[in-house]
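First up is the structure itself, then whatever we jot down about it.
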Amino acid sequence: MDHLPIFCQLRDRDCLIVGGGDVAERKARLLLEAGARLTINALTFIPQFTVWANEGMLTLVEGPFDETLLDSCWLAIAATDDDTVNQRVSDAAESRRIFCNVVDAPKAASFIMPSIIDRSPLMVAVSSGGTSPVLARLLREKLESLLPQHLGQVARYAGQLRARVKKQFATMGERRRFWEKFFVNDRLAQSLANADEKAVNATTERLFSEPLDHRGEVVLVGAGPGDAGLLTLKGLQQIQQADIVVYDRLVSDDIMNLVRRDADRVFVGKRAGYHCVPQEEINQILLREAQKGKRVVRLKGGDPFIFGRGGEELETLCHAGIPFSVVPGITAASGCSAYSGIPLTHRDYAQSVRLVTGHLKTGGELDWENLAAEKQTLVFYMGLNQAATIQEKLIAFGMQADMPVALVENGTSVKQRVVHGVLTQLGELAQQVESPALIIVGRVVGLRDKLNWFSNY
């Protein structure tokens, strides 16, 4: 270990930054957030320093480096564009046994600045020891996506409850189980973020009163249309916290690779026409695992409330009194159309969009007359096997035979393929693609050649 990670208490303590440019400004911002009494010594200053000085937030000392400014300091930073000056600052600080950071010169510094994730009072610091700041930044960005913004509020509130937890729960094991429930309770976190004191108190009392081995919960998470980058931050956080993930065939391998490593995984293989596990059995899996006290994530492709049968699954849980929540996802219509260069609405061509299932219950029938109307875009989910019927019905109810159509296979993924033509060719085009695929019908499809961007990468 080349460096010892420590967190410094700088509030109301004198610190010095030598340099008045953009880099110095970034360092100053961090020290000000930490509550330091800050002096800036430089030949010239960018405007932000003048603003801060006028507000009484720091002191400016114009002129060459004055090492006597270090005499009362706890910490110094050399942030000029002159290596000689930076080395002088480092040497002067070293002689006074003051920790000094030298920007872009870790060997000349007695401490280095990490990349910081601030969820005060929770702080996470990432460092490459000065060898690769870009790598540290990339890791910080990844960690940022895993840590909810409201985590700091939850941590502060936890501090207020520590004495009560210690009094109510006699053993370390009981306290650990309580805190595990506490920190993954989405309702509590949201109530704290909304400053809803009544809801916070109600949720807290419920956490204290329910048995530690209480029933678990189910989180219905939309995985998006395929590209792992389209998974929402909240969705990512949920699959990282899951004890068990129940997932469909439409959830990509890239997304499953983001699931917590020690979480159990149950594949139920649902896709239009390929039901590996009956819906009722899926409902029972969710119920059974939640009743064991597990945190269950039901991971579905797209959005769980748009042709995902999410409502049916939650009705079962609701009837059994199992707590649940829903994390929306980017639905396939939105993702696939965007990655195909097909806007779903456009002032000149479509004032509305209809999301339509091509997989009806036995005896069901669509409202073909309204679907055939002008100035709208139709997106058919699970319609591949019904493409010929869709073509026939739309033409029969008055849609123009030359209406542009597109079929998007494996949308938003590296395997995406788009075939397009006109309505009279829809049945034939459907023979050229495989599920999962969407059918898009409307004049907006004609914009694809101009707006297509994804196939260029």
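Using the three backbone atoms N, Cα and C, a Cβ is placed for every residue, glycine included.
Straight from Swiss-Prot, the features:
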REGION    1-204  region 'Precorrin-2 dehydrogenase /sirohydrochlorin ferrochelatase'
BINDING   Asp22, Val23, Leu43, Thr44  NAD(+) binding site
MOD_RES   Ser128  phosphoserine
REGION    216-457  region 'Uroporphyrinogen-III C-methyltransferase'
BINDING   Pro225, Gly301, Gly302, Asp303, Ile306, Thr331, Ala332, Met382, Gly411  S-adenosyl-L-methionine binding site
ACT_SITE  Asp248  active site, proton acceptor
ACT_SITE  Lys270  active site, proton donor
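Structural mapping of features recorded in Swiss-Prot.
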residue : record                               : Cβ contacts under 8 Å, 6 or more apart
Asp22   : NAD(+) binding site                  : Ile46
Val23   : NAD(+) binding site                  : Ala79, Val103
Leu43   : NAD(+) binding site                  : Gly20, Glu62, Gly63, Pro64
Thr44   : NAD(+) binding site                  : Gly20, Glu62
Ser128  : phosphoserine                        : Leu135, Ala136
Pro225  : S-adenosyl-L-methionine binding site : Gly301, Gly302, Ile330, Thr331, Ala332, Ser334, Gly335, Cys336, Tyr339, Gly411, Thr412
Ile306  : S-adenosyl-L-methionine binding site : Thr331, Ala333, Leu355, Tyr381
Given the binding-site residues Gly302, Gly411, which one's Cβ is surrounded by the fewest other Cβ atoms within 10 Å?
Gly411
Listed recorded positions (Asp248, Ala332), ranked by Cβ neighbours within 10 Å, top entry:
Ala332
I want the residues beyond Asp22, Val23, Leu43, Thr44 whose C-beta is within 8 angstroms of the mean position of the NAD(+) site's C-beta atoms, in chain order.
Gly19, Gly20, Gly21, Ala24, Glu25, Ala42, Phe45, Ile46, Ala79, Thr80, Asp81
Would you list, in sequence order, the residues of this chain other than Pro225, Gly301, Gly302, Asp303, Ile306, Thr331, Ala332, Met382, Gly411 that have their CB within 8 A of the centroid of the site's CB atoms, where the site is the one recorded for S-adenosyl-L-methionine?
Gly224, Leu250, Phe307, Gly308, Gly329, Ile330, Ala333, Gly335, Cys336, Tyr381, Leu438
PLDDT averaged over every residue in the region 'Precorrin-2 dehydrogenase /sirohydrochlorin ferrochelatase' (1-204):
92
Using the residues the record lists for NAD(+) (Asp22, Val23, Leu43, Thr44), what whole-number Å value is the largest Cα to Cα distance?
15
According to DSSP, does Gly302 (S-adenosyl-L-methionine binding site) sit in a helix, a strand, or coil?
strand
